[in-house]
Structure formats: C-alpha cells, structure tokens
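Colleague: For reference, TrEMBL lists these features for the protein:
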- 89-123: repeat 'PPR' (REPEAT)
- 192-226: repeat 'PPR' (REPEAT)
- 263-293: repeat 'PPR' (REPEAT)
- 294-328: repeat 'PPR' (REPEAT)
- 364-394: repeat 'PPR' (REPEAT)
- 395-430: repeat 'PPR' (REPEAT)
Amino acid sequence: MRSLPSALKTWNQNVPKVLLPLSLLSNPNKCFSEFIKHPSHFNCILSYAIASGLYKDPFISSKLLYYSFSICRNLSFSRSLFFQIQNPNIFAYNFMIKAHSQSSTPIESIILYNLMLRNGIFPDNYTFPFILKACGHLLLLNKGQEVHALSLKLGLEYDIFVQNSLISMYSSCRKIEIARGVFYLVPIFIRDVVSWNSMMSGYVQCDCSGEALKLFGNLLGENCARFDEVTLINALTASGRMGFLDLGKELHGLIIVNSFVLDVFLGSSLIDMYAKCGKMEDARKVFAKIPDRNLVCWTSMIVGYVRLDMFKEAIELFREIQLAKVVADAALAASVISACGHMGALEQGRWLHAYCERNGIDMNLSVRNALIDMYSKCGEIEKACQIFNEMVNRDVFSWTSMISGLAMNGKSDEALDLFAQMEMSSDVKPNEVTFLGVLSACSHGGFVVKGFHYFKAMSLIHHIKPRIEHYGCMVDLLGRANLMVEAENFIRAMPVEPDVVTWRSLLFACRSHGNAELAELAINKIEELEPRRSEAHVLLSHVYASASRWGDVNKVRKCMARQKIQKNPGCSFVEINGLVHEFFAEDKSYNQINVLYETNMQIHKVLQSEGLESDLLDHQQQ
C-alpha cells in the first residue's frame, strides 16, 4: 500500500471540531464545495477524515480524491490517496484514469484500468473515453481493440462519447479504415459535431486530406450537425496541404460570415493554409488581425517564409519576436536557424545558437540538425562536426546533414567515411536525400568509380529507387570529370525523362570544358522544357566565347533580344553586424554604393600588386 506524505501521517488526531462544519458528517458533498477554499482547508478535512475513520467511506474518499487534484494540482499526491482507499469505487478509478490520460504518464491509465478489471469492477461509459485516449497517445492498437470489444459487450455501441473516442484512437494508430467503419456505424441522427471533427481530424492525421474535405462537404450537404471552429481548422489544414487556395478563401469567408473569433487556433490555421498555397501577403494580413498572438502564430508565419525560400523575411520577423518579448521554442528556433543557413548569415546563426542556450530552449534533434546544416552552409564545417560528434542520439537527418555539409565544403573523403559509419550503424538507415549527399561528395571529389558504386548500391543494397535528382548528380559527376560523351550516353539511357536540371548540369560541364557542340544539344532541350528563360542562353554564349566563336556569341545575344529574353541580374547577400543586405548586379540604388566601389578598387590594386588578375571591376568598365 502506498503511504501518504509524512505531514499527514503525523497529524494530531485530536483536531478541534470547531474547524470542521458539522455538515461534514451529514452532507459531505455540500461541505466539500463550501468549505474547501485553500489547500490548508483541504489538509484539515483530509486529516480529520483519516483520523476519524471517515476516509473508509467510499463516497467521502472519492470526493477527497477529486478535490486533492483540483485544489493541490499534484497527481502524485492524488495517487497516494487513491492507494489508501481499501475498495475504490468506479468514481475513484475513473478520476485517476482521466487524470493520467491527460498527463505525461498515460501508461498509468492502462495499469489502473487493468487493476480495476482484476478487482471485479467493470468500466462504464465515463471510463472508456479516457482509457481510449491513453491507448491513442501510446499507439496501443491491440489494447484499444480489446477495450473496443468490451464496450460492445457492455452495450455501448451507440454511446456517442465512446464512439467518438474510438474514432480518435484508431486514427492515432493510423487505422483510418477502422475509424471510418466506426464512424459510419453510428446512426446519422446520433452523430454530433465531435463525431465529424474526429473523423476529419483522423483523415488529416493519416494524410488523407482529400477524404477530409469530402467529409466536410458531406457535413455541409447533409445539414445534420452544425460545424464549429474545430471543423474549420481541420478543413483549412486539409486545404493547405492540397494547395486548394480558392477553397481556403471560402473557408476564410465562413469564419467571417459566422462571426467566429479569430483566435490563435483559427488564425494559425489560416496562416498555415495561405503559406502552403504560396500567399504570404494574405498570411501576413491574417497575422496582423490576430489580437493576442502566441508562439504558434509567430511560428506559422516564419515556417511559411522559410518554406517559400523567403529567408530574409523570416529573419526580420524573428527580430520582431524579440521586440514583442516572446521566447522562441525549439520548432521556431530550428526554422530561423535554417533560414540563416540558406542566407549565409553566420553571425545571426551564431547568435541564435547562443540564444537557444541562454533561454534554455530544448536542443532537440531538429535544432541540432538545423545547426549542423547552418554551420555547414556558412563554411564553419568544424563547428558542424563538433555538434554532430556531441550528439548522443542521431536520426537520418543528422547523418544526412553532416554528410552533405562535408561534401559542400570540399571534404569528400570525410563525407564518404562518415557514410560508411552510417551504413554500419543499426539504428538508422540512409534515405534518398542521404544518397544525394553521397553522390555530391563523389562529384566534388572526382570519384567517378565510387559514384557509380554508390549509385548502384542505392537499389541493389538499400532498395531505394533512384529519382531524377540522383540521375542529375551522376551527370554532374561525369561532366566535372570531363567525360562528356559518357555523360551524354548516360542521359540517353536514363529510364526517366531528363528534367531541365539534368540538361543544365550538362550545359555547365560544357561551359567548363568548352564543348560547344554538346552545349547546343543541351540548350535545345532546355528551351523545350523552359522557354524564355535567360540562364541557359547566357551559359551558351559563355561556351561560344571560351571557344572564340564570337559570331555565335552575337547570334545568341540577338536571339535573346528578338525573343525579349532579359538576363536576370545576379544577387548577393552580405551580412554586416547581424543584418543581411541584398545586392543586385549593377544596382546603384544602395545608399553606400560609392563606398563599395571604392573598396573594390582597393582590393583590385592589392591583387594587382601581388601579380594576380582580377575581374572585380569589369562591371564598372562596361
């Protein structure tokens, strides 16, 4: 038997009865609700009940158990009280099962449920929803099915609370077909809005967004239950994942027409929907209208910016978070760190790393993986290696980020050695992205034979079917090695249709090695796939220029002029004092452009004094 805290065990048994209303004995229900206003009041009553023997009364002990948590908010204390009850009734069991199902220890709900059955007490309709919730959290499908069977034996097949809980449990266990069967076995006149919401949420959980939207249409068409905010949140999530912007806008209209409050839940769902549909301006408008923004709202906006490669906007919005004095969590920190990596904002990334440590943010796998990726992209590969080596637990993203980081920093041998360690690990297996990093390492290192070995090992050993990106890596590998004929033959033998990236890789190789004939083939294929884009024409003109075919260079430029194809200006990012500045080629709008030109002039003079050639000022001489 579990023991109570010592303070209660040693309580003086001669408690002055003046402290306790006489109604405690005659009407405990009234006494508890009126007398208990403070934990000390509760301790007084509890001590008297134990000392006087009243605690043996199941009704009194159950009520004390209920108030022990509602007043003291201490589940461990409530457990101690529960195990002091000689014969707990169904009320006591239900309370403890419910409390544990909503806590961080849902497994205790299962243990108490099993104990209840062994003691000959059958669950009722209040027990099942909470025990099913615990089964869903723990993904205990077999136990959930056992509970389902008992609920049927007890005649609860039409109890709406039990059936809704079954739908949620099966959905959490990714058994959406069984959840759907439960939903449709409930008569339509019994289903409530929670039934529809549970089924829609299950579809969304199991990546069946189309089915979720179809069910939402049925709900509107059958007019059998009125939708609520949760219904719209599920529909917005499904619309965003499907990219259905028009439907998302109609759902936004339903929110306005029905005068739903734009709280953080609806607001975040709208932001996420617009972001997934590529409409960050609309997302920002929704964000501005949410009165009490919480961390989820900020995170939805920043994740949306990062997903659409709007890294500068993501970093700027994070600065606003600092002004709003909102402390980030791991998910938000990982997104902003990722943005810093893509922007090359090393100082900002370092500051974020320190920010996480200073604010006690959980340095989970996502944060550490983002840090590895950020430091790798910013050239701090030693720091990335340090973080990787200090990790106790690594997932496939950890290994992949480190392998890719080593490859992009010219450490091809180390990247392949690390992949060999990953292959020997029994904890994690490589995926498609891992092999992109491996093939990239082979390409940068000029390891043609190794590249083909790993390319074949993908399907033969690891049973991963190569995607178009992997074929593109092989073309790049052959092109960098100046095996242009082999690269062309490889493209022609590909089992999938080459995409524009594949042909562009070949065109880059042609530029590097001056193969004008093959470059013409590549440019023709690129024009078929991406007409009116300037990059390929510019590369072709460079190929002709390197071969001194100036007539062909002029033909390409006239063709571009005739088709009104304009060259996109080059763009660079420079980080100064933690701020990222964006510059375009020949852009004279920057207020300190003369200072930049003067600095370039000084660099040019230093390089010339060292006997080196520089084209830093070529754009000024044109």
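Quick reminder: no glycine exception, Cβ is built from N, Cα and C everywhere.
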Colleague: Restricting to the same chain and to residues at least six past its boundaries, which positions have a Cβ under 8 Å from a Cβ of the repeat 'PPR' (89-123)?
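Modeller: Tertiary neighbours of the repeat 'PPR' (89-123) are 58, 61-62, 65-66, 69, 75, 78-79, 82, 130-131, 133-135, 137-138, 140, 143, 147, 150, 154.
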Colleague: Restricting attention to the repeat 'PPR' (89-123), give the mean pLDDT.
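Modeller: Its mean pLDDT is 93.
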Colleague: Can you tell me how the residues of the repeat 'PPR' (89-123) break down into helix, strand and coil by DSSP?
Modeller: 24 helix, 0 strand, 11 coil
Colleague: Helix, strand, coil: count each for the residues of the repeat 'PPR' (395-430), based on DSSP.
Modeller: 26 helix, 0 strand, 10 coil
Colleague: In the repeat 'PPR' (263-293), how many residues does DSSP call helix, how many strand, and how many coil?
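Modeller: The composition, in the requested order, is 23 helix, 0 strand, 8 coil.
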